[in-house]
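Notes for the one structure printed next.
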Amino acid sequence: MAKGKTSQAIAKLMNLAPDTAILLTVDEEGNVTGEEEIDGRLIQKNDVIKIVPGAKVASDGCVIWGQSHVNESMITGEARPVAKRKGDTVIGGTLNENGVLHIKVTKVGSESALAQIVRLVESAQLAKAPVQKLADRISKFFVPLVIFLSFSTWLSWFLAGKLHWYPESWIPSSMDSFELALQFGISVMVIACPCALGLATPTAVMVGTGVGASQGVLIKGGQALERAHKVNCIVFDKTGTLTMGKPVVVKTKLLKNMVLREFYELVAATAVNSEHPLAKAIVEYAKKFRDDEENPVWPEAHDFVSITGNGVRATVNRREIMVGNKNLMSDYKITISADAEELLAEAEEMAQTGILVSIDNELTGVLAVSDPVKPSAREAISILKSMNIKGIMAGGHVVAMVGDGVNDSPALVAADVGMVIGAGTDIAIETADIVLMKSNLEDVITAIDLSRKTFSRIRLNYVWALGYNLMGIPIAAGVLFPSTRFRLPPWIAGAAMAASSVSVVCCSLLLKNYKRPKRLDNLAIREIQVKRV
């Protein structure tokens, strides 16, 4: 029953995938030529499926047409619908709200996010936490000790009866001294059964990981849960973890007399050929000056060259364009004016990246690009500090690493606890100990707080289980019998032993009422405001 209650979140997840899907037939040019309803289990990778308003997304995929808002709360726990447009990814089992989407399937079956979450939580609930070894060690000595105490109890009462060390009136009429001694010995054996010790850890871990899943925090087993509660130092990857991971142009300063639309037309035509995140940010910003903002066609760039670490250059509309840093301009003998130097210094002071643009060998403009900090980053780090968690690595600390990309994978493995945000790469998610499905920094706090509450409950379980036995064994052995004539018959001792196990399970199930720290509910989750000049 305990496992069933804890796994309700998993059962709900497994039922999220819709039974049917609308499969689209497309021609070589991408035009839809037909559609048919098929069984959801027949979907294959690279199929194109149609998601109508109010329908569930049939499989993980990428939006190739349409715009909508998708409710992902059943996967991430985030109540606010997420806007989706061409190029965005969607998760199977989530709910499409108000628009039609065409999805190209990228993952099916066991590869899907839904299947991986179910598999991860199930394995986490079966994994044994290192603290369980404490119960194993206790049981290793406890069981022989109880057998010895049980035999000693029987022998003591048996000899006391034979030697008439207590009056015969103490012996119930339905038995003799041997049976009385035997009942004391059996009661000690029964009441001391260490079932509660064995249940103390796995039930708490099972409930804790189940609660984590419902909160969007996937903990990969008892070992990760145990290490997380000891964390006192956290190292954050910056890009994509503390920041949004999507650079945006926040300032443009033209140094020559030129129309801004024409300027960005030339710059975007050059930058669109680069895969660099800063180049993509420039192209995205340039779209705002076009009427065909959705799919703009830029002038053709000739003789495009990408200079690693410096920038790009090309010829657009017979004009030579260079977009990059000071080194690029210096290499091509472009004079950087005092005004440009001042703008670059100003951008650097504000943690922005300054980009220089040269047209026909003359410095024409300076752009400032910023990767905005996540709205909740400041508050989240403040709360972590109040939990006595440091942010700088030092000897002797239990270190957690929070990241999102392939480049973070070695650090995630090397750290005592690796946490990856849900928007991270598959490799990072595979190597991490804890996956934060909502990509919110607040969930770092939730993960640590939940692990601490879980292990506090495990300690309480141990105290209760051991205390119960330490109190019950003397009573079962007949310590109170000479003065009160009170004894525990074996059947009552059996009931008492069962009650200790039930009490430990119930104590663990109280974790189902876990609430994340109240300070997180008071966080002002602000929209990011980017001032464009």
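Here the Cβ of each residue, glycine as well, is placed from N, Cα and C on the backbone.
According to TrEMBL, the features are:
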DOMAIN    34-122  domain 'P-type ATPase A'
TRANSMEM  141-160  transmembrane segment
TRANSMEM  180-200  transmembrane segment
TRANSMEM  462-482  transmembrane segment
TRANSMEM  488-511  transmembrane segment
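Looking at the domain 'P-type ATPase A' (34-122) alone, the prediction's average pLDDT is 84. Within the same chain, residues 166, 177-178, 180-182, 184-186, 188-189, 192, 194, 197, 469, 473, 476-478 sit at least 6 positions outside the transmembrane segment (141-160) and bring their C-beta atoms closer than 8 Å to a C-beta of that stretch.
Secondary structure of the domain 'P-type ATPase A' (34-122), assigned with DSSP and counted as helix (H, G, I), strand (E, B) and coil, comes to 20 helix, 35 strand, 34 coil.
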